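What Swiss-Prot records for this protein:
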type	residues	note
DOMAIN	19-66	domain 'F-box'
MOD_RES	Met1	N-acetylmethionine
REGION	113-269	region 'Interaction with SMURF1'
REPEAT	141-162	repeat 'LRR 1'
REPEAT	167-188	repeat 'LRR 2'
REPEAT	194-215	repeat 'LRR 3'
REPEAT	220-241	repeat 'LRR 4'
REPEAT	246-267	repeat 'LRR 5'
Amino acid sequence: MEPPMEQSGGEQEPGAVRLLDLPWEDVLLPHVLNWVPLRQLLRLQRVSRAFRALVQLHLARLRRFDAAQVGPQIPRAALVRLLRDAEGLQELALAPCHEWLLDEDLVPVLARNPQLRSVALAGCGQLSRRALGALAEGCPRLQRISLAHCDWVDGLALRGLADRCPALEELDLTACRQLKDEAIVYLAQRRGAGLRSLSLAVNANVGDTAVQELARNCPQLEHLDLTGCLRVGSDGVRTLAEYCPALRSLRVRHCHHVAEPSLSRLRKRGVDIDVEPPLHQALVLLQDMAGFAPFVNLQV
């Protein structure tokens, strides 16, 4: 290995210990580099070939990689260089790569990291069903995945995920507008027992049929986001109240067919709902009107 650079400004003092003289495996990697932000590590590797080797060894041992730590945008060549030796990743987040990330960029990374448990691909619209198939097939421990705003996710892609990911707990399908009730019903029947968090927000194709099937098959469901699901109504919410004792939060803003009586049972259980009761809404409106604020008590 290339020796470290000499100190600038003169020779090293006798007995002095340089950073790279410390044990790499036992000291520098676990106790120093693990605490240095990724962006700073990329700068550090420019100091010398020895530092570059140290940083590459650290990158190869990464358990968590979030491209946002590098910056709001990351070039394809940089991503390839950063992840070329990584074989132990458990968490992978690639949202900053959404403009250019293709199947051929992602699939090799997935193949080298079968231990992945969390993958965030929000907004990665250039991917296809092939990438999701590789993820489902090669990462059996997958627990969390975000596919928000991935328009290419269709019913067939979701079926593959449901069939091959037995540990799935959290799934973000926000704005995956190709998905319809049938696909969500299949997901509920295959993986509902373990699901804890699900977002179906901004999908006008999802209705009460899907919500009711989720309720009946997801006893551990804690968080459900139905924001903007225009076909969801009170029947679906009532079924949630009946079959989901673990539910902690429900998002139904812009679900215009969901009436307050169906939500009241959940409110009494302490479920966090993003729509205020009608009385509270009326009082807030009154407060906004000139002359009423001194007389309105929101605690009524």
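Glycine residues also receive a Cβ, built from the backbone N, Cα and C atoms like all the rest.
These figures come from a predicted structure and were not determined experimentally.
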What else in the chain is close to the repeat 'LRR 5' (246-267), if you only count residues 6 or more beyond its ends and a Cβ gap under 8 Å?
196, 201, 219-238, 240, 273-275, 277-278
Can you name the far-off residues of the same chain, 6+ from the ends of the repeat 'LRR 2' (167-188), with a Cβ under 8 Å from a Cβ of it?
117, 122, 140-155, 158-159, 161, 194-207, 209-210, 213-214, 216-218, 225
What mean pLDDT score does the repeat 'LRR 5' (246-267) have in the model?
97
Using DSSP, how many residues in the repeat 'LRR 2' (167-188) fall into helix, strand and coil?
8 helix, 3 strand, 11 coil
